[in-house]
Every structure is written in structure tokens, then in C-alpha cells.
Amino acid sequence: MNRSTSRTWWKTTVGVLLTAIMLFPVYWMLNVSLTRDQDMRKSPPDLLPVHGTLAGYRTVLDEQLPYLGTSLVIGLGTVVLTVALSAPAGYALAKLRPRGGGILNFVLLAAQMIPGIIMAMGFYAIYLQLGLLQSVPGLIVADSTLAVPFAVLIFTAFMSGIPGELIQAAQMDGARALRTFWSVVLPMSRNAVVTVSLFAFLWSWSDFVFASTLAGGGAHEPITLGIYHYIGNNNQQWNAIMATAVVASLPTAVILVLAQRYVAAGVTAGAVKD
Amino acid sequence: MKQTTHPPDHRSARVRNGAATAAPSPARTRTRRRPTSQQWAAWGFLAPVTVYLALFYAYPLYRNLDLSLRHYTVRSFVQGNAPFTGLSNYQTVFDDPTFAPALLHTAVFTAVCLAFQYAIGLALAVFFNQHFRLSATLRALFLVPWLLPLIVSASTWSWMLNSDSGIVNALASAVGIEPVNWLTSPSWSLTSVIIANIWIGVPFNLVVLYSGLQSIPASLYEAAALDGANAWQRFWRVTFPLLRPVSAITLLLGLVYTLKVFDIIWIMTKGGPADSSTTFATWSYQLGFGNLLPAFGPGAAVGNLLVVAALVFGLVYVRVQRKQALS
């Protein structure tokens with residue numbers, strides 16, 4: 001008994017050490033974000049923020065709030081669009097056995113393989129003609145392409161697990177397919193909706209390729225471009241850059257704390273069937 | 001949790017009370033025959049996503065293909081009357097002095113990233129598969145690099161690898177290693193972006209391989225231990241062979257994802273200095289958006305080569321997954 005506890009204690013120590021090494025860049029981001037301007041070029045750099053300052057965060061509040069707002073709007077828009085498109089599709093593929101469903105599944109898988117930079121170039125050509133460059137709806141649509149194929153796969157996998165009796169019983173009740181979907185399938189799929197929403201929001205919030213090609217230079221630029229301009233323009237104020245990075249990482253932190261099990265489920269479901 | 005299951009249960013109970021017990025069986029035969037009404041309903045649900053795929057996947061891809069087959073200037077790009085030039089953009093790309101290095105860098109970047117991400121991810125998965133306190137919490141923390149926005153990771157690594165004020169060089173000189181110009185020397189820039197990308201990719205490998213390990217029955221390890229196999233032998237004789245299907249999926253997906261890595265490289269080095277970290281993805285962007293005079297045609301051509309590569313490996317992935325689903 002005593003021996004086995006000491007053995008797992010040893011493993012916990014190793015685990016904590018490994019995690020510390022892995023997360024060192026994250027700690028460094030925090031540390032630099034709190035460093036004073038005059039200490040920024042110090043050699044060797046301070047390992048702890050001994051002269052910690054919030055100046056970097058003050059700069060973020062002064063300069064980056066519009067970018068954060070834009071990213072929030074685009075993220076929420078992407079979530080709504082993604083769920084609205086993919087939940088009904090998942091239901092049909094999982095429960096209604098459409099002819100040609102296999103082909104659609106295959107197309108969705110293939111769509112995930114297409115590099116974002118290629119999509120961006122095509123979108124650029126189209127948006128240029130439609131006048132949608134530098135517009136928020138344009139970026140929402142482009143960002144949703146990052147999430148929709150994955151979302152359909154998640155919904156299909158999840159809704160396949162809903163017992164067929166429940167759906168058929170509801171149909172006997174006279175409910176049409178739409179009502180079945182709305183009042184039986186969708187409420188039961190709450191976990192899938194959460195998983196899909198989280199990933200759609202995170203991917204759209206993190207997107208850089210579409211932002212830089214489709215929204216660059218416009219009035220509504222997301223936070224990823226806010227950071228990118230910082231890096232390009234003032235190479236000196238790294239505390240402000242890192243403070244912006246910390247703020248831009250907040251959704252990651254929230255997701256990890258509130259919805260960790262959904263994340264792991266999403267990663268696994270995307271890669272491995274069962 | 002309770003809320004998700006409760007209302008439907010309640011509903012079905014109510015329905016069952018109302019309907020005769022014999023009712024479900026005709027309903028079942030009806031679904032089996034795929035009646036036309038259900039087909040209409042099914043495709044009604046699928047219509048939005050189908051239209052969406054056509055408009056926002058197929059059409060941009062078509063436009064990209066079209067871009068690569070015409071000679072575009074800035075003016076004809078806006079007016080849309082560029083002359084059709086067949087494969088001459090592809091010829092331009094193949095003859096470009098950047099082609100060979102970009103191909104080499106893409107191959108090296110992908111291979112080295114995959115090898116390290118998989119090896120580290122597998123080692124960590126085996127480690128975390130043991131039971132000890134905090135195991136689940138620490139495993140969750142390992143997800144952070146993968147969930148961070150790429151611009152955050154890339155800019156953090158940029159500053160850590162800064163030649164004069166970066167922590168990496170400071171640590172190196174503390175133990176007596178010559179400082180290196182990580183991002184500004186042509187011989188180190190590719191290594192730098194590879195390091196950053198391995199860091200980002202390890203969590204994905206860890207999570208997927210860990211879930212693979214979970215499905216290996218514990219009785220096999222007990223049997224192996226009874227036969228006198230030590231930990232090393234148990235790994236190579238039990239874990240590794242049984243993990244092969246999951247490994248194949250992980251590596252193939254990783255391959256497709258790594259081929260299209262763009263953000264990290266562009267933010268850290270812009271493919272430079274002097275093309276020393278240019279891959280197909282950054283080269284394509286460089287041609288299309290990176291210069292004052294955009295070369296959309298060649299940029300799209302490079303992009304399409306990348307699509308072909310990604311789809312080839314994607315098809316292999318689908319085949320492997322199908323085979324595993326059948327067996």
C-alpha cells in the first residue's frame with residue numbers, strides 16, 4: 001500500500017514537470033506581458049515578473065478593444081451559421097438514410113483536407129467581384145468553412161446514438177420530420193451542439209488566413225490581425241504584444257475550464273471513429 | 001446531464017401511452033424501404049449544407065483553378081477578362097528557382113514535424129495512461145498549445161527565439177552554448193518553425209493516441225506480465241502492434257494538417273530569410289498576397305499542387321479508415 005502510493009507520487013511529480021516544460025511558452029507569454037519596457041532587452045531576461053507592470057494591458061484596453069469586439073461578433077456569427085447548417089444535415093445523415101448520403105459524407109471529409117490558403121484565394125477572387133472584401137458577413141461565411149464539415153461529422157456521430165424508437169414514436173404522434181428534429185433530436189443533442197459551438201467559435205476566433213486575405217486593411221479587423229499589426233509595426237513593445245496575446249487566449253482558457261471533456265471528445269471523434 | 005435525457009423520455013412515455021403497442025412495427029418496415037417521403041425529408045434537411053458546399057467550397061475551388069489557368073494582372077483581376085493561358089502558370093512555377101527549395105522544405109517540415117509529434121505524443125500517452133494523481137488534469141493542460149490561436153503561439157515563439165533578448169538564447173548561453181540567430185539566419189529558420197509546430201501538434205497526437213491506448217484490454221498486459229515480459233517488451237509486443245490502426249489514422253491526419261501549415265511559418269519568418277523556410281503554403285500566399293504586384297495565377301497554381309498532395313493523402317486516409325471500420 002505504502003509502496004504503491006509512493007510510486008504514483010513519483011509519477012505525479014514527473015507529470016507535473018513534463019506539463020511545466022510543455023507550458024513554459026505560455027508562462028513566458030504571461031511573464032513578458034508583465035515586463036516593463038526598460039527590462040525588455042535585459043540579458044539575461046528576468047524569469048519572474050519582479051517589476052511587474054500592467055502597462056501592456058493598459059495599451060490593450062486603449063488600442064485593441066475594437067479588434068476584440070469584431071472577433072467576438074464574427075465568432076458568434078460563425079457558431080450560429082455552423083450549427084444551423086450542420087445540425088439538420090447530421091440528423092438526415094444519421095437517421096433518415098438519404099440516397100447519396102455516403103457521397104456527401106465523402107465530400108465533407110475531403111473538404112477538411114483542403115488547405116485554408118487555397119480557399120482564401122478563391123474567396124478573395126469571389127469577394128472582390130461581390131464587394132464583400134473587408135466585410136463582417138463575408139468573414140463569417142469564410143470562417144464557417146473551417147468548422148462545417150467537422151460539425152456535420154460530429155452531429156452525425158452523435159445523433160446516430162439516439163434510439164430510433166424515440167424518433168419513430170414522435171412521428172407516430174403526428175409530428176412531422178421538422179418537428180421531430182426540433183423538439184426531440186435537437187434537445188437530446190445538447191452535448192453535440194456545445195462541442196460544435198466551442199470549436200466553431202475557437203477556430204473562427206483564431207483564424208488568421210482568412211482575416212489577413214479577406215479583411216486586411218478594412219474597418220473591421222479581428223484580433224488576430226490586431227496582434228499581427230503589432231508585431232509588424234512596433235518591434236519594441238513586446239509587453240503590449242504579449243498582453244494582447246494573453247487576452248486573445250482567454251477563450252482557450254474558458255473552453256478548457258468549462259468544457260474540457262467536450263474538447264477531448266471532439267478531437268477524438270474527428271480523428272477516430274468509435 | 002439529467003436535462004438532456006429527461007424531456008425526451010417524458011415525451012416518449014406520453015406517446016407510448018397514447019399509441020397502440022403494435023404501432024411501431026409498421027413504422028420500422030417503412031423506414032427500411034426508404035420511402036420517397038422520407039427521402040424528400042432527408043434531402044430537405046441536407047439541402048442547406050449541400051448548397052453551402054457548392055457555393056463556399058466547390059465554387060472557390062473552381063475559381064482557384066480558373067485563376068491558375070489564366071494570365072492575370074491587377075487590372076484583369078478586377079475586370080475579369082484575363083486571357084486563358086492553359087498550363088503556363090504551372091510551367092512558370094516549375095521553372096521558378098523557388099520551386100526546388102519550397103518542395104524540399106515542405107517535405108522536411110512535414111516529415112520532421114510528424115516524426116517528433118508522433119513520438120513525443122505516444123510517449124506522453126503511454127505515460128498518462130498509467131494511473132496516478134492529477135493524471136487527468138495534467139492531460140487536459142497539455143491541450144493548451146493546441147487550443148491557443150496560432151498567432152499567439154507564433155508570436156510567443158518569435159519572442160522566445162529572438163536573437164538578442166530571447167529566453168532560448170539566454171538559457172543556451174547560461175549552459176555555455178553559442179547563441180543562435182534562430183529566425184534571422186537561413187540555416188536555422190526552418191528548424192525554428194519546425195520546433196514551434198511540433199509544440200503545437202503534440203497535444204493532438206497525445207489525445208488521439210491516448211484514446212487508442214484506452215481501448216487495449218488490460219488483460220493483455222496482465223497476460224504479458226505473467227509471461228515475464230518487462231515494461232519495454234510489453235510496449236513493443238502489445239501496445240505498439242495493437243495501436244497500429246490508431247497510429248495510421250493519427251499520422252495520416254497529421255500529414256494532411258502539416259502539409260497545409262501556413263500561419264506559424266508566415267508569422268514567424270514570412271518564409272525567409274531568403275526563402276530558407278518557404279513551403280508551398282507560404283510560397284502560394286507570398287505569390288498571391290505577399291508582394292505589391294500580386295501574381296495570382298502562379299500563386300493559385302502552387303496552391304493547387306498543394307490541394308492535389310493533400311487530397312492524395314486524404315484518399316489514403318479514407319481508405320485506411322474504411323478498412324478499419326469494416327474489420
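Just so you know, glycine gets a Cβ as well, placed from its N, Cα and C.
What TrEMBL records for B:1-35 is region 'Disordered'.
Marked as compositional bias 'Low complexity' by TrEMBL: B:19-28.
The transmembrane segment feature in TrEMBL is assigned to B:40-59 (among others).
Remote same-chain partners of the transmembrane segment (B:102-128), defined as residues 6 or more beyond its termini with a Cβ less than 8 Å from a stretch Cβ, comprise 135, 138-139, 142, 190, 193-194, 197-198, 201-206, 208-210, 212-213, 235, 239, 243, 247, 250-251, 254-255, 258-259, 261, 265, 275-281, 283, 302. Annotation comment: TrEMBL describes B:102-128 (among others) as transmembrane segment.
Under the heading domain 'ABC transmembrane type-1', TrEMBL lists B:103-317.
Feature annotation from TrEMBL assigns transmembrane segment to B:140-160 (among others).
Here the transmembrane segment (B:188-210) has long-range neighbours at 105, 108-109, 112-113, 116-118, 120-122, 124-125, 128-129, 139, 142-148, 150, 153-154, 157, 161, 180-182, 243, 246-247, 249-250, 253-254, 257-258, 261, 264-265, 268-269, 272-273, 276-277, meaning same-chain residues at least 6 beyond its ends whose C-beta is under 8 angstroms from one of its own. Feature annotation from TrEMBL assigns transmembrane segment to B:188-210 (among others).
A Cβ distance under 8 Å defines the sequence-distant neighbours of the transmembrane segment (B:242-268), meaning residues of its chain 6+ beyond its ends; these are 106, 109-110, 113-114, 117-118, 121-122, 150-151, 153-155, 157-158, 161, 183, 192-193, 196-197, 200-201, 204-205, 208-209, 211-213, 216, 220, 277, 279-282, 285, 306, 309-310, 313-314, 316-317, 320-321, 324. If you look up TrEMBL, you'll see B:242-268 (among others) marked as transmembrane segment.
Using a Cβ-Cβ cut-off under 8 Å and counting only residues 6 or more beyond its ends in the same chain, the transmembrane segment (B:295-318) has close neighbours at 61, 64-65, 67-72, 77, 82, 85, 89-90, 92-93, 96, 102, 249, 252-253, 255-256, 259-260, 280-281, 283-289. Feature annotation from TrEMBL assigns transmembrane segment to B:295-318 (among others).
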